[in-house]
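Noted in TrEMBL for the protein shown:
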DOMAIN    7-131  domain 'DSBA-like thioredoxin'
ACT_SITE  S16  active site, nucleophile
Amino acid sequence: MGPSPRTLELFYDVLSPYSWLGFEVLCRYRNIWNIKLQFRPTYIAGIMKDSGNKPPAMVPRKAQYMANDLRRLKEHFQVPLRFPKDFNSAVLEKGSLSAMRFLTAVNMEHPESLEKVSRELWMRIWSQNNNTAFPHCRFPVFATPFLLSVLLSQDEDIVESQSILAAAQKAGLSAEKAQGLLEKSSTAQVKNQLKETTEAACKYGERSGWALCLPP
């Protein structure tokens, strides 16, 4: 009989493509690596504010590196990651607060569904489209051909109520359960839980939208 699985906490925000890559790799190999995953929905904007960090897309050289890095990683790990067509709107303007509050509610009420709902939200913003050329995409003004060459998604929303409900139902939740969770996501209880989880991620030194922790 082998050793008991180690619990591994994954702090993540579906706005982060690196979160998605880490999420899928951990889910894929958890049995091989003998780990028990504990998903911790967090809020990337709160982490950025706490750390004084900036989104990579807002720093020209980081944006260039990120585009190349994500292209290599998605091919290596076979994750269908593609940049949003309207990057400014989908990532920098809309953000992920509603989505992460909803995932917090899912984690509180139906944790067995958290993995699937999280994946569906990632798929909405970071996947879906097979086209490679979008001459009218709205990227930051310093976007390079490398950034534009990464496959682009069709920008399905992740913050509007109907979008969140659609992702939840696609993940297997009933319309009634999804609606109940959506209502719960606006409560003080859920807001405080997301804040606490984000603060916990910051205490671990998180600064970019996802983190791993092996509890003692």
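Easy rule for this one: first residue shown is 1, then count along the chain.
For all residues, glycine too, the Cβ spot is worked out from N, Cα and C.
Curation does not apply to TrEMBL; its annotations are automatic.
Note that the structure is a prediction, hence the values are computed from the model and not measured.
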Suppose you look only at the domain 'DSBA-like thioredoxin' (7-131); what would the mean pLDDT be?
89
Where DSSP helix means H, G or I and strand means E or B, what are the helix, strand and coil counts for the domain 'DSBA-like thioredoxin' (7-131)?
82 helix, 15 strand, 28 coil
